[in-house]
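Student: Quick paste of what TrEMBL says about this protein:
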{"type": "ACT_SITE", "residues": "His115", "note": "active site, pros-phosphohistidine intermediate"}
{"type": "BINDING", "residues": "Lys9, Phe57, Arg85, Thr91, Arg102, Asn112", "note": "ATP binding site"}
{"type": "DOMAIN", "residues": "1-138", "note": "domain 'Nucleoside diphosphate kinase-like'"}
Amino acid sequence: MDRTFVMVKPDGVQRGLVGEIVSRFEAKGLKLVGAKLELLPEERVVEQYREHLEKPFFPGLKAYIMSGPCFLMAWEGKGVAAVVRRMVGATNPAEAEPGSIRGDFALDIGRNVIHASDSPESAARELGIHFAPGELVDYSRIDEPVLYE
Ligand code: GTP
Ligand code: MG
């Protein structure tokens, strides 16, 4: 089954939004297959955001992500990377749809609460950066037989 990487950023952790965010993905029918609270080392922040290394906002982005613990998750489900990106909403919370996480809980592009991998390829790469294979677990949700046709 498809998996993706999702991370509540330090502002989301400090604002007590972890439970609300986990609840939304659980209610959607996605399965949590890995999770940990962690202060990220610089190498993993650089690796995760390597496409943005040369952008003017990168130093601020790196400082923001390292300013406190992040809540890292692996979620599983059909088409999960695209599903989660829609639930997360646009990068700039001012443009994110109400009902999305950024649309409901954030205002500033530099404090947008959550990260989610932007494709299945990014998901595989980012899960590899942040989780050892043994940290991701296999189990069944009790409602799987009625969640999928
Ligand atoms: P992530 O899920 O965090 O990767 O966000 P995204 O995929 O919606 O956006 P993108 O990968 O383009 O940018 C990564 C992160 O950099 C964003 O979530 C923002 O936190 C930050 N960022 C992107 N563009 C800007 C910008 O113009 N200004 C500032 N301050 N931060 C930005
Ligand atoms: Mg991105």
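Each position is counted from 1, following the chain as shown.
Backbone N, Cα and C define each Cβ position, glycine as well.
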Student: I need the CA-to-CA distance for Phe57 (ATP binding site) versus His115 (active site, pros-phosphohistidine intermediate), whole Å please.
Tutor: 16
Student: Compile a sequence-ordered list of residues in the same chain as Lys9 (ATP binding site), six or more apart from it, whose Cβ lies below 8 A from its Cβ; state 'none' when nothing qualifies.
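Tutor: In sequence order, the residues whose Cβ lies under 8 Å from that of Lys9 (ATP binding site) (at least 6 apart) are Tyr64, Ile65, Cys70, Arg111, Asn112, Val113, Ile114, His115.
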Student: Among Lys9, Phe57, Arg85, Thr91, Arg102, Asn112, which the record lists as binding ATP, how far apart in Å are the two most distant Cα atoms?
Tutor: 21
Student: Per 10 Å Cβ neighbour count, which of the binding-site residues Thr91, Asn112 ranks highest?
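Tutor: In terms of Cβ crowding, the pick is Asn112.
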Student: Using a 10 Å cut-off on CB atoms, tell me which of the recorded positions Arg102, His115 is the least crowded.
Tutor: His115
Student: For ligand 1, which among the binding-site residues Lys9, Arg85, Arg102 have a CB under 6 Å from it?
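Tutor: Within range of ligand 1: none.
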Student: Count the Cβ atoms, other than its own, that fall within 10 Å of the Cβ of Phe57 (ATP binding site), considering every protein chain shown.
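Tutor: 11, counting other Cβ atoms within 10 Å of Phe57 (ATP binding site).
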Student: Which whole number is the mean pLDDT over the domain 'Nucleoside diphosphate kinase-like' (1-138)?
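Tutor: Looking only at the domain 'Nucleoside diphosphate kinase-like' (1-138), pLDDT averages out to 98.
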Student: Among all protein chains shown, how many Cβ atoms are found within 10 Å of the Cβ of Arg85 (ATP binding site), not counting that one?
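Tutor: By my count, 17.
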